[in-house]
Amino acid sequence: MIVAGTTLAATGRGLAGLLARGVTRAAAAAQTGTMALLRTLPATNAPPSAVDGAYSPARGMAPAAEVEPAPSPRIAAAEVVEAPAAFPPHADSIEESEMDAAEPAAALVAAPEPRAERLNDSGAGRRRRKPLIEQEQLPFPVQPRQGYTRPPLSLLDNEAAGKARAGKVDPEEVARNLERTLASFGVEAKVIRWEIGPVVTRYELQPAPGVKVQRITSLQNDIALALAASSVRLEAPIPGKAAIGVELPNDRPGLVHLREILTSQEFQRSQSPLTVSVGKGIAGQPVVADLVAMPHLLIAGATGAGKSVALNAMIATILFGATPEQVRFLMIDPKRVELTNYNGIPHLLSPVVTGPREAAAKLRWAIQEMEGRYALFAGDGVRNIQAFNAQHPDRPLAYIVIIIDELADLMMVAPSDFEEIICRLAQMTRAVGIHLVVATQRPSVDVITGLIKANIPSRIAFAVTSQVDSRTILDHPGAEKLLGRGDMLFSPIGAVRPMRIQGSFISDAESQRLVEFWRAQGQPEYVEELLQAGEEAEAEKGEDDDSLLADAARLVVRAGYGSVSLLQRKMRIGYVRAARLVDHLEAKGIVGPTQGSSPREVLVGINDLERILRGRVHAGKAAQGAQGASPAGAHAVASPGSHGASADSDDAGC
């Protein structure tokens, strides 16, 4: 019995030890699985707040205390896409994909290792990478604080990105014809490669040793004749290459849809809320630009060349990625048809401005805002808006983008005033987060002046009619050889030469859907000072005219003729005010009607003019007396006791 009991006790202790070791190993395995799960959370199915906190240092927001920072937004985005169980292809956003996942923990554990498809060092066995973004909503790191929802990509048409084709023409045959044409003029050169873009194909030509580049560039028209090309543009040499580029148009030009750019890796790498879509280069690579780095942009081109479409595509790019807390717009549209469609979106600081006088008042408000921000930065000891927002994540400043759609109309009204305002803004607003996008369809030197060009270094030129216009915009020729319909030359700040790009395209229906999406999220919160600036500008209009009319009348009578330019020069006023004064003089019968380019005829002499002015002054005094008598009479009726008191005092005084 004792032996049996001892054996049974030993057996029990052995079983207990086995059970204890099993439980310990199970707990260790569970802990290991939990740690693996936690390591995958920031890269896969982590809550949006956690991801935003991990990325927040790049956007000036305080990171969440509980979440370990993710290594980089690019890696996180790639791992998200390569875990199909975590983000179903049909999901429209990150939040929707989380609700669709029935067993998130199992999906995370079962997700394939994202490094499995990474390319090896040798480059052998390369596999095509999946696009960084497959879900519908753009994964910008900053989470909206006021309940705003960024628009989904489903608002854009899902056009398949077709492969660029040169059309019916065989590129090899074109290369042989190009070599034969140059050889017929005694120039030895060889086509080493070609790149087919959306609209043009560029052939890289390598001259033989001893052949001057000028000999090839002088044959541009002969090359166009031999190849039966509608337009030929030479880039001699191609920056960074020992070759000359010969650009020929494709028979079948293609469109670059905005959705292609928004889902590209180039766009997703950018962390700036002011990243805009430009288009695709000659080799078909997406091209994006950051307004923060530009920091201002000038767009010019002939009518119908694609300027307005490119401008709408840039605005749409910002609206897809930035909330009203991040970016605000001040839009000026003298033509009244291009930007007024954006009225009502919450990003606007004020309704779209259409009048030149109101535009000047609101641009002056922008100067005051700039000075106020500089004072704020000086008090905090910071140098730019990024540093200020990093110190104050609870009350960050929004970027302000000022868009002027037609600069020529404003420069016709008051050239000196608008040139001074635009130059002041362009010189000093970079650090405070205010950026200009100025567009015009009349690229002449009286519109794009030297001061404006010097302060706006980043420029886009669409097709123009002459080489002079191209040099006015870019300081380089070449825009006169563009094909139109979005074909552009883009010269960012610091670029040695402009690059040829086919601009992004967004249809009117797509733009309208985007605008309606933002309008549905709430009314815009306009800045009261901006609204008051517009009202004061309208109120001052009549007062200034009344005070200057007599001086203008005496001036034209003494000069013997009347013209707008005379009043501008002698009285130092803008075009709008001078033209309005001339209209008033015509209505008073002082000058005659317009006679084309000839000055107006003066209809009265100096004596008649003085009688007219004295009669006008007497009429004005009588009107003021009538206005002053009405309140007194009303006061007497309303307060008879006070009237009697004043009468008694008068009698007593007598």
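These residue numbers are counts, starting from 1, taken along the chain as shown.
Cβ atoms here come from the backbone N, Cα and C positions, even for glycine.
Curation does not apply to TrEMBL; its annotations are automatic.
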For the region 'Disordered' entry in TrEMBL, name the matching range from 235-269, 620-654. 620-654
Within the same chain, and leaving aside GLY301, ALA302, THR303, GLY304, ALA305, GLY306, LYS307, SER308, name every residue whose CB is within 8 angstroms of the centroid of the CB atoms belonging to the recorded ATP site, in sequence order. GLN441, PHE462, ALA463, GLY484
Which same-chain residues, if any, lie at least 6 apart from GLY306 (ATP binding site) yet have Cβ under 8 Å of it: PHE462, ALA463, GLY484, ARG485, GLY486, ASP487, MET488, GLY503
By Cβ count within 10 Å, point out the most packed of the binding-site residues listed: THR303, SER308. SER308
Would you identify the secondary structure of ALA305 (ATP binding site) according to DSSP, in three states? coil
Fewest-neighbour residue among binding-site residues, criterion Cβ within 10 Å, set GLY301, GLY304: GLY304
All-chain count of other Cβ atoms within 10 Å of LYS307 (ATP binding site): 26
If I restrict to non-local contacts, at least six residues apart, and a C-beta distance under 8 angstroms, what lies near ALA302 (ATP binding site) in its own chain? GLN441, PHE462, ALA463, VAL464, THR465, ASP469, GLY484
